[in-house]
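Straight from Swiss-Prot, the features:
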DOMAIN    8-153  domain 'N-acetyltransferase 1'
BINDING   L80, A81, V82  acetyl-CoA 1 binding site
DOMAIN    156-297  domain 'N-acetyltransferase 2'
BINDING   235-237, 242-248, 274-279  acetyl-CoA 2 binding site
Amino acid sequence: MADLTWHDALDPEQAEEITRLLAEAEEVDGVAPVGEAVHLRLRPGASGSAHLLARADGVLAGYAHLDLLGDSDGNLVAELAVRPGSRRAGVGSELAGALLGAAADRGKPVRFWAHGDREGASGLAARLGARRVRELWVMRRELAGLPEVPPLPEGVALRSFEPGRDEDAVVRVNARAFSWHPEQGAMTADDVRLKEAEDWFDADGFLLAVDGADRLLGFHWTKRHDESMGEVYVVGVDPDAQGGGLGKALTLAGLVHLKSTGLRDVHLYVESDNSPAVRVYTRLGFSRWKADVQYAL
(Lines of atoms letter the chains of each structure in order from A; the text may use other names.)
(Lines give C-alpha, C1' and ligand atoms only; values in the text may rest on other atoms or scores of the structure.)
Protein backbone atom coordinates (compact mmCIF):
# COMPACT_ATOMS: atom_id res chain seq x y z
CA MET A 1 0.00 0.00 0.00
CA ALA A 2 1.08 3.53 -0.69
CA ASP A 3 1.54 6.13 2.03
CA LEU A 4 -1.13 8.81 1.43
CA THR A 5 -0.84 12.36 2.78
CA TRP A 6 -3.15 15.35 2.33
CA HIS A 7 -1.84 18.90 1.91
CA ASP A 8 -3.76 22.18 1.83
CA ALA A 9 -0.75 23.88 0.25
CA LEU A 10 2.43 22.69 -1.42
CA ASP A 11 6.01 23.74 -0.87
CA PRO A 12 8.17 24.34 -3.98
CA GLU A 13 9.82 20.92 -3.74
CA GLN A 14 6.47 19.11 -3.62
CA ALA A 15 5.13 21.16 -6.53
CA GLU A 16 8.20 20.35 -8.61
CA GLU A 17 7.92 16.65 -7.75
CA ILE A 18 4.26 16.61 -8.81
CA THR A 19 5.07 18.49 -12.01
CA ARG A 20 7.68 15.86 -12.92
CA LEU A 21 5.19 13.04 -12.27
CA LEU A 22 2.57 14.72 -14.46
CA ALA A 23 5.12 15.23 -17.23
CA GLU A 24 6.16 11.56 -17.08
CA ALA A 25 2.54 10.46 -17.34
CA GLU A 26 1.87 12.78 -20.27
CA GLU A 27 4.96 11.58 -22.14
CA VAL A 28 3.93 7.92 -21.79
CA ASP A 29 0.18 8.38 -22.37
CA GLY A 30 0.23 11.09 -25.01
CA VAL A 31 -2.32 13.13 -23.04
CA ALA A 32 -2.03 15.37 -19.98
CA PRO A 33 -3.44 13.53 -16.93
CA VAL A 34 -4.84 16.71 -15.35
CA GLY A 35 -6.26 19.95 -16.70
CA GLU A 36 -4.78 23.42 -16.79
CA ALA A 37 -6.61 24.47 -13.63
CA VAL A 38 -4.72 21.87 -11.59
CA HIS A 39 -1.35 23.11 -12.85
CA LEU A 40 -2.30 26.63 -11.78
CA ARG A 41 -3.18 25.34 -8.30
CA LEU A 42 0.35 23.97 -7.89
CA ARG A 43 1.67 27.51 -7.65
CA PRO A 44 2.74 29.01 -4.33
CA GLY A 45 -0.15 30.74 -2.58
CA ALA A 46 -2.85 29.03 -4.63
CA SER A 47 -5.93 28.17 -2.58
CA GLY A 48 -9.10 26.14 -2.93
CA SER A 49 -7.39 22.77 -3.28
CA ALA A 50 -6.70 19.61 -1.36
CA HIS A 51 -3.59 17.85 -2.68
CA LEU A 52 -3.15 14.12 -2.11
CA LEU A 53 0.33 12.61 -2.48
CA ALA A 54 0.91 8.86 -2.64
CA ARG A 55 4.41 7.59 -1.88
CA ALA A 56 5.73 4.07 -2.28
CA ASP A 57 9.29 3.11 -1.36
CA GLY A 58 10.14 6.78 -0.97
CA VAL A 59 9.02 7.66 -4.50
CA LEU A 60 6.03 9.82 -5.44
CA ALA A 61 3.84 7.13 -7.00
CA GLY A 62 0.67 9.14 -7.51
CA TYR A 63 -1.01 12.49 -7.11
CA ALA A 64 -4.63 13.56 -6.82
CA HIS A 65 -6.20 17.00 -6.78
CA LEU A 66 -9.54 17.82 -5.20
CA ASP A 67 -11.00 21.16 -6.23
CA LEU A 68 -12.76 22.38 -3.10
CA LEU A 69 -14.34 25.33 -4.90
CA GLY A 70 -16.12 22.83 -7.12
CA ASP A 71 -18.29 23.52 -10.13
CA SER A 72 -21.43 25.60 -10.45
CA ASP A 73 -23.57 22.49 -9.85
CA GLY A 74 -22.15 22.03 -6.34
CA ASN A 75 -19.84 19.11 -7.14
CA LEU A 76 -16.27 18.81 -5.93
CA VAL A 77 -14.01 17.98 -8.88
CA ALA A 78 -11.20 15.42 -8.73
CA GLU A 79 -8.32 14.54 -11.03
CA LEU A 80 -5.53 12.04 -10.45
CA ALA A 81 -2.38 10.66 -12.01
CA VAL A 82 -0.21 7.62 -11.31
CA ARG A 83 3.49 7.51 -12.13
CA PRO A 84 3.99 5.15 -15.11
CA GLY A 85 6.46 3.00 -13.18
CA SER A 86 4.02 2.63 -10.26
CA ARG A 87 0.95 1.48 -12.19
CA ARG A 88 -0.96 -1.77 -11.74
CA ALA A 89 -0.14 -1.73 -8.04
CA GLY A 90 -3.44 -0.32 -6.75
CA VAL A 91 -2.24 3.27 -6.39
CA GLY A 92 -5.05 4.66 -8.54
CA SER A 93 -7.68 2.80 -6.52
CA GLU A 94 -6.18 4.06 -3.26
CA LEU A 95 -6.19 7.65 -4.50
CA ALA A 96 -9.77 7.37 -5.74
CA GLY A 97 -10.93 5.85 -2.47
CA ALA A 98 -9.32 8.65 -0.48
CA LEU A 99 -10.92 11.26 -2.74
CA LEU A 100 -14.34 9.70 -2.24
CA GLY A 101 -13.78 9.71 1.51
CA ALA A 102 -12.73 13.36 1.52
CA ALA A 103 -15.82 14.35 -0.46
CA ALA A 104 -18.07 12.34 1.88
CA ASP A 105 -16.49 14.04 4.90
CA ARG A 106 -17.49 17.37 3.35
CA GLY A 107 -20.98 16.14 2.55
CA LYS A 108 -20.62 16.87 -1.15
CA PRO A 109 -20.77 14.82 -4.36
CA VAL A 110 -17.60 14.48 -6.40
CA ARG A 111 -16.94 14.23 -10.12
CA PHE A 112 -13.79 12.65 -11.59
CA TRP A 113 -12.16 13.78 -14.83
CA ALA A 114 -10.46 11.17 -17.03
CA HIS A 115 -8.43 13.02 -19.64
CA GLY A 116 -8.08 11.19 -22.94
CA ASP A 117 -10.65 8.54 -21.94
CA ARG A 118 -7.87 6.00 -21.50
CA GLU A 119 -8.44 2.32 -20.75
CA GLY A 120 -6.90 2.50 -17.28
CA ALA A 121 -9.24 5.30 -16.22
CA SER A 122 -12.34 3.62 -17.62
CA GLY A 123 -11.35 0.39 -15.85
CA LEU A 124 -10.95 2.20 -12.53
CA ALA A 125 -14.32 3.88 -13.05
CA ALA A 126 -15.94 0.51 -13.69
CA ARG A 127 -14.45 -0.93 -10.50
CA LEU A 128 -15.82 2.03 -8.54
CA GLY A 129 -19.25 1.70 -10.13
CA ALA A 130 -18.97 5.21 -11.61
CA ARG A 131 -21.05 6.35 -14.56
CA ARG A 132 -20.11 8.67 -17.41
CA VAL A 133 -21.93 11.99 -17.03
CA ARG A 134 -20.02 14.32 -19.36
CA GLU A 135 -17.89 13.96 -22.45
CA LEU A 136 -15.76 16.87 -23.55
CA TRP A 137 -14.64 16.52 -27.15
CA VAL A 138 -11.34 17.83 -28.42
CA MET A 139 -11.82 18.84 -32.06
CA ARG A 140 -8.94 19.67 -34.38
CA ARG A 141 -8.13 21.04 -37.83
CA GLU A 142 -5.16 22.25 -39.85
CA LEU A 143 -4.72 26.00 -40.13
CA ALA A 144 -4.06 25.76 -43.86
CA GLY A 145 -7.02 26.55 -46.09
CA LEU A 146 -9.02 28.63 -43.62
CA PRO A 147 -12.32 30.12 -44.79
CA GLU A 148 -12.44 33.88 -45.20
CA VAL A 149 -13.28 35.92 -42.12
CA PRO A 150 -16.82 37.21 -42.67
CA PRO A 151 -17.58 40.91 -42.22
CA LEU A 152 -18.26 42.02 -38.66
CA PRO A 153 -21.76 43.24 -37.81
CA GLU A 154 -22.27 46.94 -38.48
CA GLY A 155 -20.68 49.19 -35.86
CA VAL A 156 -18.47 46.41 -34.43
CA ALA A 157 -14.67 46.49 -34.45
CA LEU A 158 -11.92 44.14 -33.26
CA ARG A 159 -9.08 45.16 -30.97
CA SER A 160 -6.61 43.36 -28.73
CA PHE A 161 -7.11 42.80 -25.02
CA GLU A 162 -5.41 45.34 -22.75
CA PRO A 163 -4.20 43.93 -19.41
CA GLY A 164 -5.33 46.05 -16.48
CA ARG A 165 -8.24 47.49 -18.44
CA ASP A 166 -10.39 44.72 -19.90
CA GLU A 167 -10.55 41.99 -17.26
CA ASP A 168 -13.88 42.99 -15.73
CA ALA A 169 -15.59 43.36 -19.10
CA VAL A 170 -14.36 39.94 -20.21
CA VAL A 171 -15.62 38.37 -16.98
CA ARG A 172 -19.02 40.03 -17.42
CA VAL A 173 -19.49 38.78 -20.99
CA ASN A 174 -18.06 35.37 -20.14
CA ALA A 175 -20.54 34.92 -17.27
CA ARG A 176 -23.45 35.80 -19.56
CA ALA A 177 -22.22 33.65 -22.43
CA PHE A 178 -21.49 30.61 -20.25
CA SER A 179 -24.17 30.88 -17.55
CA TRP A 180 -25.00 27.23 -18.26
CA HIS A 181 -21.42 25.90 -18.03
CA PRO A 182 -20.22 24.27 -14.76
CA GLU A 183 -16.66 25.62 -15.01
CA GLN A 184 -16.27 28.32 -17.64
CA GLY A 185 -19.10 30.48 -16.35
CA ALA A 186 -17.37 30.84 -12.98
CA MET A 187 -14.25 32.57 -14.34
CA THR A 188 -13.20 35.59 -12.25
CA ALA A 189 -10.99 38.61 -12.91
CA ASP A 190 -8.35 36.99 -10.69
CA ASP A 191 -8.47 33.91 -12.94
CA VAL A 192 -7.83 36.11 -15.97
CA ARG A 193 -4.93 37.88 -14.27
CA LEU A 194 -3.45 34.54 -13.20
CA LYS A 195 -3.40 33.40 -16.82
CA GLU A 196 -1.90 36.70 -17.93
CA ALA A 197 1.18 35.63 -15.97
CA GLU A 198 1.50 32.38 -17.92
CA ASP A 199 4.26 32.05 -20.54
CA TRP A 200 1.72 31.35 -23.27
CA PHE A 201 -0.34 34.50 -22.72
CA ASP A 202 -0.38 36.84 -25.72
CA ALA A 203 -2.56 39.95 -25.58
CA ASP A 204 -2.40 40.22 -29.39
CA GLY A 205 -4.10 36.83 -29.59
CA PHE A 206 -6.89 37.85 -27.20
CA LEU A 207 -9.34 39.46 -29.61
CA LEU A 208 -12.18 41.66 -28.39
CA ALA A 209 -15.24 42.68 -30.40
CA VAL A 210 -16.47 46.08 -29.25
CA ASP A 211 -19.18 48.52 -30.32
CA GLY A 212 -18.74 52.23 -31.04
CA ALA A 213 -18.70 53.02 -27.32
CA ASP A 214 -15.99 50.37 -26.74
CA ARG A 215 -18.53 48.13 -24.96
CA LEU A 216 -17.46 44.50 -25.13
CA LEU A 217 -19.77 42.28 -27.17
CA GLY A 218 -17.63 39.16 -27.51
CA PHE A 219 -14.10 37.81 -27.44
CA HIS A 220 -11.85 35.07 -28.78
CA TRP A 221 -9.00 34.12 -26.47
CA THR A 222 -6.40 32.05 -28.34
CA LYS A 223 -3.58 30.00 -26.87
CA ARG A 224 -0.26 28.78 -28.26
CA HIS A 225 0.81 25.36 -26.94
CA ASP A 226 4.07 24.78 -28.81
CA GLU A 227 5.70 25.46 -32.17
CA SER A 228 2.91 23.79 -34.14
CA MET A 229 -0.32 23.65 -32.08
CA GLY A 230 -2.69 26.44 -31.07
CA GLU A 231 -6.04 26.44 -29.32
CA VAL A 232 -9.37 28.16 -29.55
CA TYR A 233 -9.14 28.73 -25.81
CA VAL A 234 -12.46 30.53 -25.28
CA VAL A 235 -14.96 32.15 -27.65
CA GLY A 236 -17.66 34.05 -25.79
CA VAL A 237 -20.42 36.27 -27.18
CA ASP A 238 -22.85 38.28 -25.07
CA PRO A 239 -26.35 36.80 -25.54
CA ASP A 240 -27.59 40.24 -26.61
CA ALA A 241 -25.08 40.18 -29.49
CA GLN A 242 -25.69 36.62 -30.65
CA GLY A 243 -27.37 35.64 -33.90
CA GLY A 244 -25.62 38.12 -36.17
CA GLY A 245 -22.55 36.11 -37.12
CA LEU A 246 -20.23 37.66 -34.52
CA GLY A 247 -19.20 34.29 -33.07
CA LYS A 248 -18.14 32.91 -36.46
CA ALA A 249 -16.24 36.10 -37.32
CA LEU A 250 -14.43 36.07 -33.97
CA THR A 251 -13.57 32.39 -34.31
CA LEU A 252 -12.10 32.77 -37.78
CA ALA A 253 -10.25 35.98 -36.88
CA GLY A 254 -8.57 34.10 -34.04
CA LEU A 255 -7.65 31.21 -36.33
CA VAL A 256 -6.10 33.65 -38.80
CA HIS A 257 -4.06 35.15 -35.95
CA LEU A 258 -2.81 31.71 -34.87
CA LYS A 259 -1.84 30.88 -38.45
CA SER A 260 0.05 34.19 -38.74
CA THR A 261 2.29 33.13 -35.83
CA GLY A 262 3.49 30.09 -37.79
CA LEU A 263 1.32 27.41 -36.21
CA ARG A 264 0.11 24.46 -38.31
CA ASP A 265 -2.80 23.03 -36.30
CA VAL A 266 -5.45 24.17 -33.85
CA HIS A 267 -7.80 22.42 -31.46
CA LEU A 268 -10.73 23.33 -29.24
CA TYR A 269 -12.90 21.81 -26.53
CA VAL A 270 -16.66 21.42 -26.84
CA GLU A 271 -19.30 19.51 -24.89
CA SER A 272 -20.23 16.42 -26.91
CA ASP A 273 -23.95 17.02 -26.35
CA ASN A 274 -23.77 20.65 -27.51
CA SER A 275 -25.00 19.70 -30.97
CA PRO A 276 -25.31 23.27 -32.33
CA ALA A 277 -21.69 24.06 -31.40
CA VAL A 278 -20.43 20.74 -32.78
CA ARG A 279 -22.21 21.47 -36.08
CA VAL A 280 -20.70 24.96 -36.27
CA TYR A 281 -17.17 23.69 -35.65
CA THR A 282 -17.66 20.80 -38.08
CA ARG A 283 -18.67 23.28 -40.79
CA LEU A 284 -15.50 25.23 -39.97
CA GLY A 285 -13.42 22.15 -40.75
CA PHE A 286 -12.91 20.71 -37.25
CA SER A 287 -13.28 16.99 -36.53
CA ARG A 288 -13.23 14.94 -33.32
CA TRP A 289 -9.67 14.16 -32.20
CA LYS A 290 -10.02 12.79 -28.66
CA ALA A 291 -12.20 13.21 -25.58
CA ASP A 292 -12.12 13.86 -21.84
CA VAL A 293 -14.75 12.08 -19.77
CA GLN A 294 -16.23 13.01 -16.41
CA TYR A 295 -17.50 10.30 -14.07
CA ALA A 296 -19.89 10.43 -11.12
CA LEU A 297 -20.89 7.89 -8.49
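Glycine is treated like the rest: Cβ placed from N, Cα and C.
Owing to the predicted nature of the structure, the values given are computational and were not obtained by experimental measurement.
Feature map: annotations from Swiss-Prot on the structure.
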residue : record                    : DSSP class
L80     : acetyl-CoA 1 binding site : strand
V235    : acetyl-CoA 2 binding site : strand
G245    : acetyl-CoA 2 binding site : coil
N274    : acetyl-CoA 2 binding site : coil
Quick one: pull the CA-CA distance for V278 (acetyl-CoA 2 binding site) versus A81 (acetyl-CoA 1 binding site), whole Å only. 29
Express the distance between the Cα positions of V235 (acetyl-CoA 2 binding site) and A81 (acetyl-CoA 1 binding site) as a whole number of Å. 29
For the domain 'N-acetyltransferase 2' (156-297), the DSSP helix/strand/coil residue counts are 52 helix, 44 strand, 46 coil
Go through V82, V235, the listed binding-site residues, and name the one with the sparsest Cβ surroundings, counting other Cβ atoms within 10 Å. V235
In whole Å, note down how far the CA of A81 (acetyl-CoA 1 binding site) lies from the CA of V237 (acetyl-CoA 2 binding site). 35
Cβ-Cβ neighbours of P276 (acetyl-CoA 2 binding site) (radius 10 Å): 7
